[in-house]
Amino acid sequence: MRCYIILSIILLSSLIIKEGYGQLVQSDYECLLNVYTKLGFEDIESYPIGGDGNREFCKGDDFFIYCKDNYVNYLFTPQNTSDVVVPNDYNCFSKLEHLRIYGGVLEKDFIYKLKPLKSLEIDSCYNMQNISYPIVGIDEFYLNTSFIDFKTDIKFSNLNNYFVVFIDPVAATIDISLVNDLTSPKQFDSLSTVTSNIPSLTNVIINNLWLSLRQATFIQESWEQLKTFRDLQNFYIENDFPIDFPIELFNVSGSSLNYLCLVSNLKKPSSYINLQLYSNFIEEIEIANAGNNFNINGDVPFSSLGGLRHLTLDGGNFDKLTSFFIFSDLQTLYLINSNLNRSPPTIKRNNFENLNLTGNKLTGPLDESYCTFNNKIRSVFDLTNNLLTAPAPGCFLCYPSTFGKSFDAYMYLNAPACEITGNVYLDKARNKIILQGKNLGFSDLLDLKFYKWDLVVPSFRLEISTFLYTKIPNSFNFTFENSAIPKKVISFPYLAAVSPPPCYRNCTDKEFCNLKTARCFCISGWTGEDCEIPDHYASATSIVDESGGKVIIYGVFGTVHKELSVYFGALNCNVTSITNNTIECNIGPGTGTKSIYINQNNINWVGKDLFTYIKKVKQCLNNCGSHGRCIESTGQCKCESGWTGLDCQSKETPGSSTTVDNNGTTIINNEHTSYQIMIIKLLELDIKGTVLGEYDLFDKWVLEKSNGSFSRFTQTIEQSPYNCTLAYTIEEVKEESGKEYDFADYKFTLEKGSIKISASISNYQYISSLSTLQLHFESSVTSLSQKDDCNYNGETNLENKNNDELNFITIKKDEKLLYGRFLNRALSDGRSTSITSTQIPSNSTDSIIIGLNLPHCTECVIDPDFSVLITSDFKTCSKDSNTSNSKPKYLIPVVVVCSIVGVALIVSLSYLVYRKKFVENQLSKKIKSIEMR
């Protein structure tokens, strides 16, 4: 365990492997002889005298000296005299790299006058009561004392890369304060010291930090400095008094902390600790000597472990622990010496690679669920020193050479004969032959033999109406010797089956059988080890302004609500009522977008960025320029007569033509410029943004219906137990006065000739109730021709910006602009809710990809629209030359408005067409059927 060995690693890191032999050069020999003589080295007579009359200091494996290439490389000098040790006693060595001095009386400022060393250890020496100046030329410095008082301020600017102070506080008076005086970043490998304070780590970049705290001198106010621990990877705290669990470390923005070790006893928490609420996900926590108070009524005091993967709890008191479900996502669990007074937990689905429950009071038999562990379980699997009922399960008894040390010896007494059974069947879906049975072992199959043969294809076809054949036998007997169990012969039948069993066990009524993996999974709405706990999630929220107020959360919350709590970010939302489908709570004032945390029944759910405070006064795009008025209640511009566009900066526009390609791509051609809008991808993401599922949608749409102004495409994603359906519609607005739309409580008008795209996602089967969807839209632009295009400049400019409720994108090409406007509001399962959008990184300079972050819903709907206008520098080109006539300044935006409603996804594509001085172009539209790939 890392907590226990870290100090020994630090203190022994400078020890050298003894492998050098030979005779010292004369200068090093004389230097060494003088040092040993001055310090009264008692073992000098033990070194034999060689043929040249010198003692053979380098001959053999020696604890005090190590030679390399006939020079002293490592030296340990214990002192038995009162002579003062001076730097020149050691500076005479030519190639000394590692020096350890024990029990000496050092000259003042000794360490500052030494020649450069890789490591220096000062152990129990006098005149080392402070670190006053920068330690230069010494890579690693160790200070160890058991009886000498040490009172000083240690400045970070004076420390080197590797600095260790190890002092026995029982025999010495310790008062060390760490002072951060850095004005610019400084990097360290390791720092370990007894200290009276927790230092600020501003400008400190460090791999390992070990702080030993003492109650007699500790400054409690310094605990606040934990919020500065940003550029630290591994942190160790050892103390002689109870401390609070350092939850502050989990809320440091941008923290690189990966490992936390607490060698101490901890105070009793006031409530369950929910690591999911905090932005910093630490991968490994080790608590040694947790103490009797670190629990909630005998239960482990965590309601959620967040992104934790490795957990050690040693020396705790968890006699009332009832469920192991909270540990399901861990790879390593050490729950040892912690008074577990219960039967062994049933474990059916887990990621355990290491499990250690030794030193508890587990009683009763160990069930067969432990036989389903990951193959890597053999690295650490320990249930010794408990009160389990013999015998161990057969899967372990059959392989004593592997698991003999995992149980107490009595678990093997009076054990029944090992029984191995198995059936072999062909899984055509995965092209595998599967051996399924009992006690088959844990090892991977090795030395597989593959056979190849050539098929002879006849040159003619023979047809017969009747034939006879011999049926494959129903069973075969296989007999083999098991060397692990002497004189025991085992046999099992072979089952020839045309239809293999769908799952390895019978699924319950709250589970379904995944035919691809042959395993049981919880159906929607249920979770837990046996899918017996109602799962909960939120799909939408009502809208509240920045002053706060009543919020209604819509979703599935079940009928059992034990220890319910709701947080919007770090703000508590006081729950006033809850049903199976709604939670009503009161939230205080705030701003911006918040994640929602709902904890009940010891299960924590997170809805990432699901809630946004709405501003009462909204801003308009470019403040409507100088030709319009901003309607602050909606954030839309009311343009003056003769002007149009989202920001009232467009006046006259050449006509555009729109077509729909057979792969679902909408194409807007405007003179020599072509814009393409398409839906290209659907992702399932966890709360960290990790991709759990990825589905390419481009070029897979199938035309289902089409008339003069409306087309509908569909495609299906195959999932279990239900398939996911996507629908994609394109509508042309033909009304002379345009058409009004009301979507997710947002009203807008599309002009005649606009194209409205709607897309819906239904019955997506999520891997986890914490998962969400992200739908990718791509907008791109190309120049159709450079000939006679006086606006052509060969450049494409992409831009992405936000205001209160909208996210805008622009693509500028040949003095034309494509505006994308995404409304941060949507419908989820039929209800209006807040959403966000994200620009997806891309190497393309002619396209921009926007990811719409959808909530966890049964049906999701979004609604963007697109329009084309011209820029202020647009010119009308002559057909006969590249000259141009002076024209008013115009703007060509393509507008995208996106919102999410329930399970349907609506994307509206619109372009504004204005005809004044230009010849009117007809709108042409071609819709071709798209085959699903």
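Yeah, the Cβs are placed from backbone N, Cα and C, and that goes for glycine too.
As recorded in TrEMBL, the features of this protein are as follows:
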DISULFID  C620-C630  disulfide bond
DISULFID  C639-C648  disulfide bond
DOMAIN    616-649  domain 'EGF-like'
SIGNAL    1-22  signal peptide
TRANSMEM  890-914  transmembrane segment
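Of all the disulfide-bonded residues listed (C630, C648), C630 has the fewest other CB atoms within 10 A of its CB. The most densely surrounded of the disulfide-bonded residues C620, C639, judged by C-beta neighbours within 10 angstroms, is C620.
Annotation note: C648 (disulfide bond) sits in a coil segment as assigned by DSSP. According to its DSSP assignment, C630 (disulfide bond) is in a strand. Here the domain 'EGF-like' (616-649) has a mean pLDDT of 81 out of 100.
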